[in-house]
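These notes concern the structure reproduced below.
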Amino acid sequence: MTCLHLLLTLVFAVSLGTPVEIQRPRGVPLTKKPFYEENKPFTCLDGSRTIPFDRVNDDYCDCKDGSDEPGTAACPNGSFHCTNAGYRPMFIPSSRINDGICDCCDTTDEYNSGAKCENTCKELGLKERDVLQKMAEITKEGFLLKQQLIEEAKKGREEKQGKVTDMQENKKQLEEKVEALRTVKETAEQPEKEAKERHLKAWEEQKAAIRLEKDKAKMAEAFLELDDNADGFVSVSELQSHAELDPDADGTLTETEVQGLMGGAAQVDTSTFESVWTNIKDKYHSESQPEEPAPVETPPEEVKEPVVDNDSEPFPEDDISEEEDEDEDDEDDYHEDDDKVLPTVKTPEKSHEDGEAMLPYDPDTQTLIDAAQKARDDFEDSEKALREMDDQIRNIEKELSFDFGPDAEFTYLYSQCYELTTSEYIYRLCPFNRVSQKPKYGGSETNLGTWGSWSGPENNKYLVMKYEHGTGCWQGPNRSTTVKLTCGKETVVTSTSEPSRCEYLMEFTTPAVCQEPANMDLLPHGHEEL
């Protein structure tokens, strides 16, 4: 029987008639009356000694356990029983007997102190009964909701299991499709590759011919510039006027150095100038091209050192940003951009050497490129679909692996989050995932723990959730959160606190923990302890 049932039984144990007093020594509960027989000697309840009955409640402590003075303050370790008819019976220390303070609602503890006490047991009983009736109503409604959650969870689990089975079958077909499209892609890429290589080779040959023609034109222009007297020959003296051709870069182009450039000849004509041009073309400056002005060096700007305030000291932040955790989680996430392939460019890129664009692909080559690109697109689309299906299967199987309670009543909490806003923070509970805290007026989110396990008592472990390994505290442990679940019609976070440093406590109501209430109609209307 649950605590609620016991409380209900106690509340309903109120007699509607006049109680009949059963004589027994003051301060003795009805359950212990057999030990207090007036016509027999009294044996201390700890069995330490036996005394005449007239020494019970004689205001002198004879028993070590104080059991001979249940109605006086003689024994420091004694206890007084308040009958509290109409409310809950209770024990108080013997030291409170006749101390002038009303402890028992039936006033029996102040029988000889002169204190003016009023019997409030009936009023307290009515108030408690009202509270318990409301709790019983909540429990009843919550339990009905729980039954619905169990049915929905059962149905949802069967649907998910069936979905996984279907997806496994579809996955096999999709894997076969991917492999078939891979073969198509590889088959289409081979002629594409060969056609591109042929096109590139032809373009390289064409570029080489263009470069050769340009070089010949520059050589002819240089010959005309060097032939100062226009006699059809370039002489040593004419070539010596171009100091930039100095082989050893000592600032002087000697006659010997010029003859070396000219292959030992005193002069060359257009037919033999080609060998000379090979030696000088890299350094030769055409007279028709204006000389570029030497770059003016600007003095580097003075770099100002930042002013350091020695009086200020950096304070370590207590909360480590959750961006690192989120980055780790994002590594496993799938990004569509990773799979995007740039479309085929029909006009190839420009050459790095001369800036000229490669000629467009011929129609036959472009047809092969288009066919290969289509095969790549089809393959990548099917491969992407296979990855997405794997992700879906993995996510469903992960959900099915969770312990959602004896009847899966906590299933509805999965993938849901619940918030509580306080004066400073916004607390967020995502059952079976994590707990977090974020400043109300801006700032980074702090991880208060990720799902660990059910941590309730042995008789019902599903009353407490434990979230562990949250963000580390400054010079302290990692944050953790204990979530206590109570019965309620609504699913809501009701309170948060931090009983110990970096250890948080969260109260959470849910119909999933509501137990079946006792049938109130079958309960007895009660009785007083007589």
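Just so you know, glycine gets a Cβ as well, placed from its N, Cα and C.
As stated in TrEMBL, the feature coiled coil covers range 369-399 out of the listed 28-58, 59-89, 276-306, 369-399.
The average pLDDT computed over the domain 'MRH' (415-516) stands at 94. Listed as Cβ neighbours of the domain 'EF-hand' (214-249) (distance under 8 Å, sequence separation of 6 or more from its ends, same chain) are residues 255, 257-262, 266-270, 273-274, 276-277, 280-281, 283-288. Taken residue by residue, the domain 'MRH' (415-516) breaks down under DSSP into 6 helix, 57 strand, 39 coil.
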